[in-house]
Amino acid sequence: MAAAAAATIGFPQAYLEGKEVKETSSLVTELCRHFYTQGWVSGTGGSITMKVHDASIPKPDQLIAMSPSGVQKERMQPEDMYILSPNGSIISAPSPKPYPNKPPKCTDCAPLFMKAYEMRNAGAVIHSHGMESCLVTMLNPQAKEFRITHMEMIKGIQGHGYYDELVVPIIENTAYENELTDSLTKAIEAYPKATAVLVRSHGVYIWGDSWIHAKTQAECYHYLFDAAIKLHQLGLDAAAPDHGPIRSPTKLSVKSGVKDSQNQTEPPRRCIVLDIEGTTTPITFVTDVLFPYARENVGKHLNLTYDTAETQEDIKLLRSQVEEDLSQGLAGAVPIPHADEGKEKVVAAVVSNVEAMIKADRKITALKELQGHIWRTGFECNELKSVVFDDVAEALEKWHSSGIKVYIYSSGSRLAQRLLFGNTNYGDLRKYLSGFFDTTIGNKKESKSYKEIKETLGVDDPSEILFVTDVYQEATAAKAAGLEAVISIRPGNASLPENHGFKTVTSFSQI
């Protein structure tokens, strides 16, 4: 490629022949040889691309290295790579090789790779034809998603933990690779948390913010696909928290005793999302046990863990929140000094703010994260034991046995939620739960939060999700997002407005 062409897009020919481009091209060939041994790029199939890392250039403006099409990936050399501009234009192509080699051609995956770069700011993208990524899409020909939960390797996928449900969209295959571009684009848009898209009877596209991240996730995805296939062969359900026997899909219906104002029973459900305070757990447990424990132990916790990365992150979040509170003139907020002013001053300021926030029952992420870490110590030391209403454990088991996915949505952090349901007066109930949502997905009184939950769960019809809460404003927000909402009437709950218009239950046995 002529130097003038390269210079046109801001990269002189000398840069194309420089260290960064050469190292990236060599790395692509090295990874392809490794992926060949894994069965991901055999028979000239599959491909890989990555940004040419240069610390002096923002990632969106970096050049792109891409493997060619129709070549034996395990025999590629660095000079076989295509170099593309940030917008996907080819600025450097390999020279032809003698017969029996085919004339050089950039990978047919290029338009799909570019979507991951443009829409997810990826640093690398891997397209695998691994057998497990193909077969896993064929277990259920009607499925539009792959789902798995409670597997250790899920922790290797960005934004996921052991207890979370991993959801990967599945798109239908086409005769030509580039014809997949539109459906892959729609899948990326519809699944903002996803870092992979499966193509039925074909393979998978996986991306990460760097080649290391993309490779790590690719290895975890393939492990999980293989695990799901083997669980299916054993008649076990990869998407169930306990990986019990695969059940025929069934839907939950509300019993005839729970009716709306027109005396009609509720429609079937695919998922149930539960609030905690006043719904699964007495308000008094939160106000009289958890909050006082956090308030009384915040200083001790901060002093003992002050130098840990976790506590420093907690302080950083609180400092940011307090700065916002101070700008709004919020009562009780006091400035939190920076670390160079000394540990004692920082801790004292944090304690003062936390006490004020707890007193005001603030539903903010910064407070909830710190509380979760304090409560973790309490549960680990057996100083805390959570309480659920007597009907909760039986209902969770029943819904789980019926194939209903149950999730928790609370203002408490996901860590705090897992601690609460893992240490109840009825034992560990987490095996009945498919996932946890907290305020990082949005405020519980805003309808957009429930729309995000609906997208995350991959449910086409939001009315197939039942949300149970004791708070009228939360039920209203969920209803505005299209979810069905039921209000929980429990001892100690706040009174409801007259003619509120929602179905109510006094026990989960009524659901």
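In case you wondered, yes, glycine gets a Cβ from its N, Cα and C as well.
TrEMBL entries are annotated by machine, without manual review.
Annotated features in TrEMBL:
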type     : residues         : note
ACT_SITE : E152             : active site, proton donor/acceptor
BINDING  : C109             : substrate 1 binding site
BINDING  : H127, H129, H202 : Zn(2+) binding site
BINDING  : D275, E277, D470 : Mg(2+) binding site
BINDING  : S410, S411, K444 : substrate 2 binding site
DOMAIN   : 26-229           : domain 'Class II aldolase/adducin N-terminal'
REGION   : 1-237            : region 'Methylthioribulose-1-phosphate dehydratase'
REGION   : 272-511          : region 'Enolase-phosphatase E1'
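Of all the binding-site residues listed here (H127, H129, H202, S411, K444), S411 has the Cα closest to the Cα of E277 (Mg(2+) binding site). In the set C109, H127, H129, D275, S410, S411, none of the binding-site residues has a C-alpha within 10 Å of the C-alpha of the residue listed as 'active site, proton donor/acceptor'. With a cut-off of 8 Å between CB atoms and residues at least 6 apart in sequence, the same chain places H129, C134, T137, N173 near H202 (Zn(2+) binding site), listed in sequence order. Note: the Cα of D275 (Mg(2+) binding site) and the Cα of S411 (substrate 2 binding site) are spaced 9 Å from each other. Non-local contacts of D470 (Mg(2+) binding site) by the CB criterion (under 8 A, 6+ apart in sequence, same chain) comprise D275, E277, G278, T279, I283, I487, S488, I489, R490, N493, A494. Take the mean position of the Cβ atoms of S410, S411, K444, the recorded substrate 2 site; other residues of that chain with a Cβ within 8 Å of it are D275, I276, E277, K363, Y409, G412, D438, T439, E474. Rounded to the nearest whole angstrom, the C-alpha distance between S411 (substrate 2 binding site) and H127 (Zn(2+) binding site) is 38. Same-chain residues that are not part of H127, H129, H202 yet have a Cβ within 8 Å of the Cβ center of the Zn(2+) site turn out to be G45, G46, S128, G130, S133, C134, V199, G203, V204, Y205. Proximity to H127 (Zn(2+) binding site), judged by a C-alpha distance within 10 Å, picks out C109 from the binding-site residues C109, S410, K444.
Cβ environment of K444 (substrate 2 binding site): D275, K363, Y409, S411, T469, V471, E474, A477 lie under 8 Å away, each six or more residues apart in the same chain. Ranking the recorded positions E152, D275, E277 by other CB atoms within 10 A of the CB puts E152 at the bottom. Each of the binding-site residues H127, H129 was scored by other CB atoms within 10 A of its CB, and the lowest score goes to H129. Within its own chain, C109 (substrate 1 binding site) has S47, T49, S69, H127, E177, Y205 as residues 6 or more apart in sequence whose C-beta sits under 8 angstroms from its own. Here the region 'Enolase-phosphatase E1' (272-511) returns a mean pLDDT of 91 for the predicted model. Sequence-distant contacts of S410 (substrate 2 binding site), defined as residues of its own chain at least six apart whose C-beta falls under 8 angstroms from its C-beta, comprise D275, I276, E277, A416, Q417, F436, F437, D438. For the recorded Mg(2+) site, residues D275, E277, D470 set the reference point as the centre of their Cβ atoms, and the other residues of that chain within 8 Å of it by Cβ are I276, G278, T279, T280, T281, I283, S410, T469, V471, E474, S488, N493.
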